[in-house]
């Protein structure tokens, strides 16, 4: 009784309930242990028996001990819910009807619309990326583009003779003959033709990889403007190549054949001929991008449609100069045949900028 009385009369500090210490969560601050040295030496068994009870005990306001009972059972939290009881995840912004910006359900059914204007559920790559992640993605897309162009070049090389006969058609009907002036000239010509044709066939994949790389960083308005620009640019480029093959190249070659008729026999180097016709076709396709450039300038507000139409006199002179630079020949007929479409494309682009209110 003396030992027990000494223990009960000993002053005890105010203690706080101890936290549940689990193996998977961080323990809350524990109550300070009562020094065992303050217990009577005559009760060693009491020291060992009361140790855990003293750590989890609280003191009433009147100074008397209060037994809290056995500690609550330990709750094991799964690793996936670590910290879930302390902080709830912040709710994201509300999405109306599962759409982006409250758009109609009919528009969301379109796969093209979902690609250009995706909702949050359709943006799996909408995340923060480091500069190394961007470089890795760029490397992969460049590799895919090079692989696609390489496969297209190999396919065109397998049919290189058929492609050469197709490109020789505009002048063979006029009696022009082709010569190989050096060993291997025809072989290197087939490689050149296969390279140009493979690049032409692989350009849609290159364009797709470029769009897929820059599209996640564009806003909704920028994506709305990107679709018509890309589609119009592709159509105009292929239209320019078709115009060069069917109209511009036959007219230019016919001029040279008729000019030399009766004076010299037309025996042309096959390498020089394909260098002429391939450069003419691709330069014509690039020159047909004039309306696309006008729409870009009008969209950013640098120039309006009325301003474009007011300088038509300077545009006529510029079209003639551009045709002289783009065409590999120096004859005036080829230059005029290219300057006419350039002028028409410029006026059409100016009217389009004016119609959209720019």
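Placement of Cβ uses the backbone N, Cα and C atoms for every residue, glycine included.
Looking at 142-160, 161-179, the range tied to transmembrane segment in TrEMBL is 142-160.
Matching 101-123, 193-215 against TrEMBL, the residues noted as transmembrane segment span 193-215. Of the listed segments 78-99, 276-297, TrEMBL assigns transmembrane segment to 276-297. Same-chain neighbours of the transmembrane segment (333-353): 236, 243, 247-248, 251-252, 255, 280, 284, 287-288, 290-295, 297-298, 303-305, 308-309, 312, 315-316, 319-320, 322-324, 326-327, counting only residues six or more beyond its ends whose CB sits under 8 Å from a CB of the stretch. Remote same-chain residues near the transmembrane segment (193-215) are listed as 137-138, 141-142, 144-145, 148-157, 160, 163-164, 167, 223, 226, 230, 234, 237, 241, 274, 278, 282 (criterion: CB distance under 8 Å, separation of at least six residues from the stretch ends).
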